[in-house]
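**Q** Take a look at the following structure, please.
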Amino acid sequence: MDLCGRSQRGALREASRKQASPRRWSRVNGWSWPLHTFQAVAWTTLFVLAFANFGIFVPLLPPNWNLVIYGVTGGLFCFHFVVHLLAISIDPAETNVRLKNYSEPVPTFDPSKHTHVIENQYCHLCEVTVNKKAKHCRACNKCVSDFDHHCKWLNNCVGGRNYRCFLCSLVSASASLLFLITILLYVFIQFFVSPEEVRTHPLYEDVSKDTWLLFLPLFPVKTKTLVVLGIGVFVLLLSALSLLLLGHLLIFHLFLMFKKLSTYEYVTQNRCQKTPKVPAGRKELSFKISMPQSEVQPSAAGRALRSTLLHQHVRGGLVGDGNSQQPDFVCPQRTREQGVPVAIR
């Protein structure tokens with residue numbers, strides 16, 4: 001008869017099954033196993049674009065531009081490489097968590113004992129006291145100081161200790177991609193308008209017009225025009241896609257800085273706002289359970305009481321239509337038509 005009680009017992013059984021799962025260890029930083037696929041994609045894209053920039057397209061620029069472009073793009077690449085490494089390598093965990101031994105397994109959360117992982121600024125998994133903005137990351141399995149989000153591209157959490165490095169990596173990567181796209185557009189325009197402008201190196205005097213040289217000036221490699229165009233189109237599309245993703249993320253974090261919010265706070269606020277509220281006119285789902293009548297005839301007092309209850313029931317209307325003052329049984333769960341998740345108490 002207690003439908004909600006059944007659901008609650010089922011939830012407790014599921015929680016007990018999860019409790020029996022083996023313990024897990026905390027991850028130290030982005031180099032801890034397991035590595036993420038996005039992390040490998042990020043590093044591969046970084047070196048492919050750097051290789052194309054310094055080895056193929058910058059040497060095609062006029063001689064008086066080469067040193068300047070090499071200095072600007074080289075400086076941006078080195079800066080991005082350093083801050084990207086720092087954002088991955090820094091352990092963003094709470095101070096009390098970092099003082100513990102990472103070789104010890106983290107206990108499994110028991111929902112029958114605690115409602116939340118962190119209660120009263122104490123983490124029941126890390127078993128340490130944490131600050132107010134600390135959150136326990138599922139992926140890293142530890143409490144992160146001033147938690148912002150878990151970045152799959154870094155394979156590390158972004159918190160108070162490495163947020164500046166993360167933001168600097170976004171800015172430097174976006175600026176580098178803007179420079180690379182500008183160089184590519186210039187090379188493409190000059191290739192179709194005035195090819196001599198991008199064939200200024202002395203080694204081009206000894207080759208035909210349909211032959212191009214890559215990796216100048218140290219390791220010149222001869223290739224055909226279609227190969228250079230194909231590489232240029234591929235690098236341009238890859239750079240544009242990367243800039244679109246990184247630029248969107250950079251603008252989003254600048255917006256969060258303006259609002260003085262973290263990514264976690266922004267997401268939780270949006271979830272609360274999108275949760276539909278039950279209108280005041282809606283009624284709770286109610287139903288009446290009829291008990292089988294006894295074969296024994298009721299007494300006179302029983303018949304009188306039954307007649308009185310029946311009279312009140314008819315006068316009040318059907319159970320659950322909103323007119324009766326107190327229905328027989330009311331389930332505390334909201335109906336699915338109301339669009340509200342069911343809460344088991």
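Every residue gets a Cβ built from N, Cα and C, even glycine.
Curation plays no part in TrEMBL annotations; they are all automatic predictions.
For reference, TrEMBL lists these features for the protein:
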type	residues	note
DOMAIN	118-269	domain 'Palmitoyltransferase DHHC'
TRANSMEM	40-61	transmembrane segment
TRANSMEM	67-90	transmembrane segment
TRANSMEM	170-193	transmembrane segment
TRANSMEM	226-256	transmembrane segment
**Q** Please indicate, using numbers and ranges, the residues of the same chain that are 6 or more beyond the transmembrane segment (67-90) and have a C-beta under 8 Å from a C-beta there.
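**A** The answer is 29-31, 39, 46, 50, 53-54, 58, 61, 151, 154-156, 158, 161-162, 165-166, 168-169, 172-173, 175-176, 179-180, 183.
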**Q** Residues of the same chain, at least six outside the transmembrane segment (40-61), with any C-beta under 8 angstroms of its C-beta?
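**A** For the transmembrane segment (40-61), the far contacts come to 69-70, 73-74, 77, 80-81, 84, 153-154, 176-177, 180, 183-184, 186-187, 198-199, 201, 213-217, 228, 231-232, 235, 238-239, 242.
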**Q** Please average pLDDT over the domain 'Palmitoyltransferase DHHC' (118-269) for the predicted structure.
**A** 94
